[in-house]
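As structure tokens, the structure follows; a few thoughts come after it.
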Amino acid sequence: MQTEELLSPPQTPWWNAFGSQPLTTESLSGEASDSFTGVKAVTTEAEQGVVDKQTSTTLFTFSPGGEKSSRDVPKPHVAFAMQSACFEFGFAQPMMYTKHPHVEQYYGVVSAYGSQRSSGRVMIPLKMETEEDGTIYVNSKQYHGIIRRRQSRAKAEKLSRCRKPYMHHSRHLHAMRRPRGSGGRFLNTKTADAAKQSKPSNSQSSEVFHPENETINSSREANESNLSDSAVTSMDYFLSSSAYSPGGMVMPIKWNAAAMDIGCCKLNI
């Protein structure tokens, strides 16, 4: 019976298994109904000066009877270690558990609602400072695109700065009065005015040359009048023979009158 009592687990509350409430000698000695009546703390490496930064362990030995009986008679005892399941950084309240992110801060049980303290990883901003010479390293495939976009932005900013934001109303009215072409662009009035001035000069030159044309026409008429007598007589013979011969061609009188009026040939009838 004595060995069974020694090997039986300690009767401790179930919420102490999470390690949020540390065990003390007063709490263990106050439970008279339990089979363990004495508690003896064993010094560990943490008490000797070697302290682990992440976890700390404390060993407790439980033996039946008082402390005197345990010292006098060596009896088998059960030793177990209670390791805190939380990280301790020197704060008064325990930190969150790694396995259970949503844990009650005071009772050590998994809460039904999410905790206010987030356990996700913190996004650290990248180092935005450039090198001393101001160079920025980019991907080789994106270099040309970046340069092209920078040039287009610089060009757009330059145009927006040079252009005046307001145009006077008189300039707008003047633009509305200017003649436009089929495409909507303004016509060049200087070339149109030059074309208009060239047309009267051409007409004057043609008028100047009219007397010369008259002299040329008169010389042509003189040349036509100076035909040889033989040609005239031959024509007279041809006309007379064709007009009076019964089988020959008869030339109408109207044609003769028209030919005489034109002056292409002068006939002596």
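All positions are counted from 1 along the displayed chain.
Quick reminder: no glycine exception, Cβ is built from N, Cα and C everywhere.
Sorting each residue of the DNA-binding region (164-189) by its DSSP state yields 10 helix, 2 strand, 14 coil. Residues or ranges marked as DNA-binding region by Swiss-Prot: 164-189.
Here the compositional bias 'Basic residues' (168-180) has long-range neighbours at 186-187, 189, meaning same-chain residues at least 6 beyond its ends whose C-beta is under 8 angstroms from one of its own. What Swiss-Prot lists as compositional bias 'Basic residues' is 168-180.
Under the heading compositional bias 'Polar residues', Swiss-Prot lists 198-207 (among others).
Taken from Swiss-Prot, the feature compositional bias 'Polar residues' applies to 214-227 (among others).
According to Swiss-Prot, the region 'Disordered' annotation covers 168-227.
Under the heading motif 'Subunit association domain (SAD)', Swiss-Prot lists 137-158. Mean pLDDT across the motif 'Subunit association domain (SAD)' (137-158) comes to 91 in this model.
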In the motif 'Subunit association domain (SAD)' (137-158), how many residues does DSSP assign to helix, to strand and to coil?
19 helix, 0 strand, 3 coil
